[in-house]
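K.L.:
Annotations per Swiss-Prot:
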DOMAIN    24-136  domain 'Calponin-homology (CH)'
MOD_RES   Ser163  phosphoserine
REPEAT    174-199  repeat 'Calponin-like'
COMPBIAS  176-188  compositional bias 'Polar residues'
REGION    176-199  region 'Disordered'
Amino acid sequence: MANRGPSYGLSREVQEKIEQKYDADLENKLVDWIILQCAEDIEHPPPGRAHFQKWLMDGTVLCKLINSLYPPGQEPIPKISESKMAFKQMEQISQFLKAAETYGVRTTDIFQTVDLWEGKDMAAVQRTLMALGSVAVTKDDGCYRGEPSWFHRKAQQNRRGFSEEQLRQGQNVIGLQMGSNKGASQAGMTGYGMPRQIM
């Protein structure tokens, strides 16, 4: 963490719970996908959450990733600078987040800049990258590079069209889900609260 001291008490417990959500196997899969997707000379980071954070922290890898998901000439982030200044790095991370939202990642799946830059919640960073990969696989526009089975495909709209005659036929059928229209009924039942008449 950049400028934060150690946490104690309840905040320590919360931080430990957040850190338990981080998945090392998922980290390896995401690193492999990012390197394959960017198709550039991006060095493979050593394993571990701290190295993964350091690898993504300046925002250049993330910006290259989102640019690689667009056709050449349509990249959302035209200028990527490898700067050592903190505000430039945080600006690049926020540019990536805006571009990811424009690409189709839901706002609920997007991490906050401090989650990555200060290493507060690297599991949220993993969730965002997984959501980005899922959207890329679902779009199937030829820009995704990698194994399609690495990410789940999001559900697509599948509209059905029925003619008026088919709709009328459906109204005449009593479905099995409704049960039988024969047998026991409530005929002869008395109202609620009335005594039962036994003769």
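From the backbone N, Cα and C atoms, a Cβ is placed for every residue, glycine too.
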K.L.:
Restricting to the chain of the residue listed as 'phosphoserine' and a gap of 6 or more, list residues whose Cβ falls under 8 Å of its Cβ, or answer none.
P.N.:
none
K.L.:
Could you tell me the mean pLDDT the prediction assigns to the repeat 'Calponin-like' (174-199)?
P.N.:
63
K.L.:
How does the domain 'Calponin-homology (CH)' (24-136) divide up by DSSP, counting helix, then strand, then coil residues?
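P.N.:
The counts are 74 helix, 0 strand, 39 coil.
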